[in-house]
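Participant: Can you keep this structure in mind? I'll have questions shortly.
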Amino acid sequence: MPICSVYGAAVTTVEGIGSTRTRIHPVQERIARCHGTQCGFCTPGMVMSIYTLLRNHPDPTLDQLTDALGGNLCRCTGYRPIVDACKTFCNTSGCCQSKENGVCCLNQGINGFPELEEGNKTSSKLFSEEEFLPLDPTQELIFPPELMIMAEKQPPRTRVFAGERMMWISPVTLKELLEAKAKYPQAPVIMGNTSTGPEVKFKGVFHPVIISPDRIEELNVVNSANNGLTLGAGLSLAQVKDTLAAVVLKLPEERTQTYRALLKQLGTLAGAQIRNMASLGGHIVSRHVDSDLNPLLAVGGCTLNLLSKEGARQIPVNEQFLRKCPSADLKPEEILISVNIPYSRKWEFVSAFRQAQRQQNALAIVNSGMRVFFGEGDGIIRELSISYGGVGPTTICAQNSCQKLIGRPWNEEMLDAACRLVLDEVSLPGSAPGGKVEFKRTLIISFLFKFYLEVLRLLRRMDPVHYPSLADKHESALEDFHPRHRQSARKYQKVDPKQPPQDPVGHPIMHLSGIKHATGEAIYCDDMPAMDGELFLAFVTSSRAHAKIVSIDVSEALSLPGVVDVLAEEHLQGVNSFCLLGQPEKLLESEMVFCVGQLVCAVIANSEIQARRAAKQVKIVYQDLEPVILTIEEAIQHKSFFEPERKLEYGNVDEAFKVVDHIVEGEIHLGGQEHFYMETQSMLAVPKGEDQEMDVYVSTQHPKGIQDIVASVLKLPANKVMCHVKRVGGAFGGKAFKTGVMAAITAFAANKHGRAVRCILERGEDMLITAGRHPYLGKYKVLEMGILKLDNAYKFPNLRCRGWACRTNLPSNTALRGFGFPQAGLITEACITDVAAKCGLSPEKVRMINMYKEIDQTHYKQEINAKNLIQCWRECMAMSSYSLRKAAVEKFNSENFWKKKGLAMVPVKFPIGLGSRAAGQAAALVHIYLDGSVLVTHGGIEMGQGVHTKMIQVASRELRMPLSNVHLRGTSTETVPNANASGGSVVADLNGLAVKDACQTLLKRLEPIISKNPRGTWKDWAQAAFDESISLSATGYFRGYESNMNWETGEGHPFEYFVYGAACSEVEIDCLTGAHKNIRTDIVMDVGCSINPALDIGQIEGAFIQGMGLYTIEELNYSPQGVLYTRGPDQYKIPTICDIPTEFHVSFLPPSQDSNTLYSSKGLGESGIFLGCSVFFAIHDAVSAARQERGLRGPLKLNSPLTPEKIRMACEDKFTKMIPRDKPGSCVPWNIPI
């Protein structure tokens, strides 16, 4: 939102509604106490979305609350606890109001029966609603009286704000607006700034003058006339939605066909925040290719009312207007005042369609508006209009096709002709921007088929005598996904009743920073106040995938105001490389680049705006080199691999192939994944001014790594460089090694200029520079970490696996939650699914047959006890009512041709270990102060997983003191040196054992003191110890778990233990569009003994949703030149609140003991991500059902992510056969699969 537009407004921030210094607001309290916050970076946005809705609707429905959060993103929680927090504000408390069999859904168990607690060992409540602060609307903030007085005293007049480069004009009357537009005809007119703003920010568009008419009454009219509605162009899309909803309730259905279609599109158009800001006129005039409303306005015969100083006129919303033809467009000096939307007529039908990568808050891949008018009830077409968005440079109207169909009856012959005519007219070249060409062609006619059926059904309803009912097989094409009320259940371990009351271990303790997350008081790197004389650094990256740099010209950048310096390789002579993982890596490159996004130089300026502006002016001349290797297949072709190849063999594979019943061969491709942490890469380097000391504040998982590389670049010993991390706004493996490179360059700039330097990456450059999860290509016939994790939960008596890491011209990928397991495990599950199909068995049957037995041996000869794996599988089978629901799914599929359901269940055996004992060592430092308070520091990083919370629980248990006595300030190389990177699910494991060691050391020292005064307080004991010269400070240390792997023999003990689990997921797919809905997921996990069930459940659920995204919607797109297209939330879609399973149940096994780990707990940060593939295989099951019904019996190959495109194209039918296909090599595609 432009700052000029809020003049005279009262702006309420998250800090304004409540804080720990005053009082917290009920919204802030509930989202924290319901455990709806992990890393906390997204929490203020969640709080304000809920707060805003409650101010407008004090008694909201759950649908209103979840709709309000549809535009918010969270990468950590999986959204379920946020929904739980929302439910506490609903009067229905989440009840569906449908009492089946006389029993309320809230009193039913997971499958509709009351819960039975097993041996009283499990509990299901993570928070107590009775303790919440009540929501009292009378206590909310009022509009400031001083602003009201100012508005009354100041006469309305045009406001003009002028800066160095641009001017903002805000007229108050229509006359002033027309005069401003006449004077500045090229100036954009903006209301919500949702179109112009992104162009300015991301595309570098510059407007010297902007006109904002947000106070003009004539632009906000709503008028009803005999022929239709007139809506002001200044109305927000939210206001348009409310207006149309009210009109639809009042008028007969036959008069509101267009309005109903518009309402359907407005329900999924962007998120509530954007709909609240974006204006109707701005949406129309912007004429985006993927506009959801313009196709409908075009077919609905809408007209635009224009005004200028020369007078008023009307123009139609037609293809000429949408193509911006000068003769049909607004003149530069004209303003769009309002839009006329006609009423529909009897025997006129209007429909809207769209398909996007995600259900909501995603731009349409293809959308459409369709209208037909029969004149009379004879079913003969009198008028026909069809428009499409997303299939060309503008919205396309199929005028010629429609004209040829006029006079024809509404029957299947007409439909067949219409499909062929439209495909011919709405021609989409193979190289069309956006890709997905064959999918888009299929959607064009799939939507037409849906419209055909919709009209048939409406005709039948209006005249049942003359129009037959739809064929049973077609009914499901028109049904929306079956809505079900959101339900969730958690079962976790109860605390042993013998445990002392003040011992917090095992209790669902709220995240240590939960309240501060919710109030906005939690400090992240970017929140740190600006230092005196602080500079900002912006990177210049390569725009070529493989090229020699001929020259770098920084003169224009240096000439801009505020620019201080441009750093290049020449400035880092002798320190421009650092060994990461044993391989030297250059920090800045001035000779040859190997990927788009490689760091070339860095611009340092007085402000962020100046630095970014100057970075765009650095001119680099390249000489392209060959080959450009982008895909795994190209790497194989060019034999471009990293050494060494990894291989393992178990049993006798060659002999086994001679005697097996079946040989199944196949392959599966798994695309990469972006970390998409909410807080982008952030760092601040501060020279201390003496002894060459440098403090680096950075969002990282690896402070020691930052310290080492910064010290190397500055040619300093490590003891003069300190790295500090308070908290990290999400990381998932992406804030370790590349963070170090950027921090080192930032610190070099700070050291050179003797001033603090800050660097914060924008989302697009973060995604470009840092890369993410490795794509895999798995070929099987029946990689280091990938190979070790290949088996998942199965015993392969004979196994040979080989893995190669490919060297390509894409940014180097890095660790991402699960590190190898989600890819390797999917290959195994795909193989299992293929074997099941070949043998005529269910995949679950094959999984069960091949699962590890209780005492067994892995393919690298490590002994395991898989008892809990089998128990998880059995409990998940029971909890999910698998057999009953499998039968129900088969029944549903037999009755529905165009909708199919799928059910799948997968196990997980996730290995925990870091490859060496040294990589698992950890240290801690614990101080007891004379007032009895305790300060804990350790080497782990708080990045949302709640490690600091668990460490305080450990200290509280070991020192036998209340949680409130223990404090933890953050992580720093100043207090705990040489800490390993935080990751691999073991941060709490390792650091907790170190904290435990330190606390036990202290307690042992203090035993004589305590025994003398057993009823004393910690203050008494600390003072007594001090008086007796007993140290009240102790370090704790854990050496790490034993780990070894011999790759020569293929044997070893690389993992300390395994996390077992199972998940069952059910989905429903639309065979005509490729859309899918996650109906239900049940997860059972073996967690050992949970230290904090609220945090552990949060980790499982968050990982599951992230895994679901990996396997279904998160798709990276690269150009044939190696440029990443998907550089932000507009193009790269992670799951939102609407994508989570409608029913989501998580259960823990009863406690199990493992003496080697911290209180017999298990690390749960990563294992849940693989269980997201249960959704992948449920979709696979649904697609298989569709193909079988269509007589397609061949092998089914589905790659990941299983997007709507892949689902639709796999559900082959007459429409997929009808579309034209491009011959391989006949065109250069817009994107290439990586």
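Placed from the backbone N, Cα and C atoms, the Cβ positions cover glycine too.
Marked as [2Fe-2S] cluster binding site by TrEMBL: Cys39, Cys42, Cys74, Cys76. The domain 'FAD-binding PCMH-type' annotation in TrEMBL covers 161-346. Look at TrEMBL and you will find Asp292, Leu336, Arg354 tagged as FAD binding site. For Gln701, Phe732, Arg817, Gly984, the entry in TrEMBL reads Mo-molybdopterin binding site. Per TrEMBL, the feature substrate binding site maps to Phe819. What TrEMBL records for Glu1166 is active site, proton acceptor.
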Participant: Over all shown protein chains, what is the count of other CB atoms within 10 A of the CB belonging to Cys39 ([2Fe-2S] cluster binding site)?
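Facilitator: Around the Cβ of Cys39 ([2Fe-2S] cluster binding site), 30 other Cβ atoms lie within 10 Å.
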Participant: List, in sequence order, the residues of the same chain other than Cys39, Cys42, Cys74, Cys76 whose Cβ lies within 8 Å of the centroid of the Cβ atoms of the recorded [2Fe-2S] cluster site.
Facilitator: Thr37, Gln38, Gly40, Phe41, Thr43, Arg75, Thr77, Met678, Gly729, Gly730, Gly944, Gly1102
Participant: Hey, how far is Phe732 (Mo-molybdopterin binding site) from Glu1166 (active site, proton acceptor), Cα to Cα, in Å?
Facilitator: 9
Participant: Specify the count of other C-beta atoms within 10 Å of the C-beta of Cys76 ([2Fe-2S] cluster binding site).
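Facilitator: Excluding its own Cβ, Cys76 ([2Fe-2S] cluster binding site) sees 28 Cβ atoms within 10 Å.
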Participant: Sequence order is fine: just name those recorded positions in Cys42, Asp292, Leu336, Arg354, Glu1166 with a Cα within 10 angstroms of Arg817 (Mo-molybdopterin binding site).
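Facilitator: Neighbours among recorded positions, in sequence order: Glu1166.
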Participant: Restricting the comparison to the binding-site residues Asp292, Leu336, Arg354, Phe819, Gly984, which residue's C-alpha is spatially nearest the C-alpha of Cys39 ([2Fe-2S] cluster binding site)?
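Facilitator: Result for Cys39 ([2Fe-2S] cluster binding site): the nearest of the binding-site residues is Gly984.
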Participant: Could you give the maximum C-alpha to C-alpha distance in Å for the residues Gln701, Phe732, Arg817, Gly984 that bind Mo-molybdopterin per the record?
Facilitator: 13
Participant: Which value in Å gives the longest Cα to Cα span across the FAD site residues Asp292, Leu336, Arg354 as recorded?
Facilitator: 27
Participant: Determine, to the nearest whole angstrom, how far the Cα atom of the residue listed as 'substrate binding site' is from the Cα atom of Arg354 (FAD binding site).
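Facilitator: Each residue's Cα considered, the residue listed as 'substrate binding site' and Arg354 (FAD binding site) end up 36 Å apart.
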Participant: Sequence gap of 6 or more, Cβ distance under 8 Å: name the residues on the same chain that satisfy this around Gly984 (Mo-molybdopterin binding site), in order along the sequence.
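Facilitator: Set apart from Gly984 (Mo-molybdopterin binding site) by at least 6 residues yet with Cβ under 8 Å, we have Phe819, Ile912, Gly913, Leu914, Gly1163, Gly1165, Glu1166.
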Participant: Tell me, how many other CB atoms lie within 10 A of the CB of Phe732 (Mo-molybdopterin binding site), whichever protein chain they belong to?
Facilitator: 30
Participant: Nearest of the binding-site residues to Cys76 ([2Fe-2S] cluster binding site) by CA-CA distance, picking from Asp292, Arg354, Gln701?
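Facilitator: Nearest by Cα distance to Cys76 ([2Fe-2S] cluster binding site): Gln701.
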Participant: List only the single closest residue to Gln701 (Mo-molybdopterin binding site), chosen from the binding-site residues Cys74, Leu336, Arg354 by CA-CA distance.
Facilitator: Cys74
Participant: Highest Cβ count within 10 Å among the binding-site residues Arg354, Arg817: which residue is it?
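Facilitator: Its Cβ has the most other Cβ atoms within 10 Å: Arg817.
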Participant: Would you mind listing, in sequence order, the residues at least six apart from Cys42 ([2Fe-2S] cluster binding site) in the same chain with a Cβ closer than 8 Å to its Cβ?
Facilitator: Asn72, Leu73, Cys74, Arg75, Cys76, Met678
Participant: Could you tally the C-beta atoms, other than its own, that fall within 10 angstroms of the C-beta of Cys74 ([2Fe-2S] cluster binding site)?
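Facilitator: I get 27 for this one.
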